[in-house]
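Novice: Got a structure for you, questions after.
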């Protein structure tokens, strides 16, 4: 039997079981747990390679073969870190297994035929497209920035750069919901809209859900009173949609105890649960320990660095329409920015108490940095806290699974869309991101949307090959014309579907129906289920979880940073 060195094999077909891969310039390493391919029967495309007629490519009709195969991919997802071929059919993940020609090769369950396209994923990492669940729809160009960072789904609200949208993630009322759904129909990204949840009577909330809102957002700038919270959650329970909340920083209508009492045992998604982005000062972070609270962070506080506090004060004044010449506005801003709770947030993420990360796009958050900042936190926490059991000093598989779940499967489950997106699993939309390991979490090599390339780095268009400088991200055919409608999804609630809303608005995209929002609890947050008793000292702002003081020094240097953005 012929033999090949492990290094030569990895160079040719990518890493296999037992091989370790470093994630960009972080301190994080993953180890391949399983290889679905068969040694000696691997498929690869190119001159003199395997995927040729009668060899790795069979004679079957298109109905019996894949539309697209990603060969020899290293999949990193919440369920595992594995080597496999990925078969895509009709824009969805059809098979994760062994590609080739079943007429001449054993163990093939990803058939390659004359109607099959190939993407060479040898030496590449494949992850699910990110789900950003805190979007202010301030400008449509956010979509390009997000796609270029590896995010393929938006949940949020807004109507453009209106004063209300600059501060709150709400698309208020049926008219604006209709217009934004029509606008979203042309954007090459999955979208679900949040309506305004601040009302003390239910009819206006039911009206918005019937008009297409997949969730409701309670925001202190509209008045997050106990009455509004109770009313909003009552409607959510009735109509199976999610509620997101930005609580009362000033504690005017009640403190955190009053908010938790108004919520009761009903499921709710708490935005920027640390508090710098808004919420009961100084102790909204306590909510992360509740079984019915699904806590997320927005990315400006991630990770805690020597510049975090200074940057936040200026951001806050702009986003919430505050006046630096008014003492009360300055006091409001300063009450929200606390070093101690920001530092504790990173640790609570590492412990699995905070379940999600998101952006807060252009409203105290950066839409293109959800993925990047999530992994910066993971890196910092490995340096500060060492390996997470059962990891070793040489492999960080569990930590990697915990952190990737924060911006993929967990926000998808939270908002009732986990059956369509959020992971690399059979049956889901083929929203996939390819990364070279050296550029992981920073600059994708390709982004697939519904099985079609939607954006990619591309060189000189007049070049004789695709790679000459200048290379920068450009929209691809998946983002153009009617192809967008076949590869993107608009999410709607069942109430809107029952009214025939998609037909009434002439929406041409795929439609996904949110469901199961009210059943999701903290134990359902993949790899992020911890429910510690969190305490905050009202004078010093020190944070304890189950009695342990949570402190860490701010970072002065980070990976995934300047060395990647010189050009």
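The backbone N, Cα and C atoms fix where each Cβ goes, glycine too.
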Novice: Need a hand: Swiss-Prot gives 134, 136, 360 for Ni(2+) 1, which of 196, 217, 428, 443 is also on that list?
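Specialist: Between 196, 217, 428, 443, Swiss-Prot records just one in the Ni(2+) 1 site with 134, 136, 360, namely 217.
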Novice: Since Swiss-Prot lists 217, 272 for Ni(2+) 2, which candidate among 246, 312 does it give for that site as well?
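Specialist: Checking 246, 312 against Swiss-Prot: the Ni(2+) 2 site match is 246.
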Novice: For the binding-site residues listed here, 134, 217, 246, which shows the highest count of neighbouring CB atoms within 10 A?
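Specialist: Max Cβ neighbours within 10 Å, all protein chains included: 134.
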Novice: According to DSSP, collapsed to three classes, what secondary structure does residue 272 (Ni(2+) 2 binding site) have?
Specialist: coil
Novice: Would you kindly give the Cα-Cα distance separating residue 272 (Ni(2+) 2 binding site) and residue 217 (Ni(2+) 1 binding site), rounded to the nearest Å?
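Specialist: With distance taken Cα to Cα, residue 272 (Ni(2+) 2 binding site) is 13 Å from residue 217 (Ni(2+) 1 binding site).
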Novice: Would you mind listing, in sequence order, the residues at least six apart from residue 219 (substrate binding site) in the same chain with a Cβ closer than 8 Å to its Cβ?
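Specialist: Non-local contacts for residue 219 (substrate binding site): 167, 168, 169, 170, 196, 197, 198, 245, 246, 278.
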Novice: Let me check the 10 A CB neighbour count of residue 360 (Ni(2+) 1 binding site). How many other CB atoms are there?
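Specialist: I get 29 for this one.
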Novice: Can you grab the distance from residue 136 (Ni(2+) 1 binding site) over to residue 272 (Ni(2+) 2 binding site)? Cα atoms, rounded to a whole Å.
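Specialist: Spelling it out, the Cα of residue 136 (Ni(2+) 1 binding site) and the Cα of residue 272 (Ni(2+) 2 binding site) are 14 Å apart.
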Novice: Counting across all protein chains present, how many other Cβ atoms fall within 10 Å of the Cβ of residue 272 (Ni(2+) 2 binding site)?
Specialist: 27
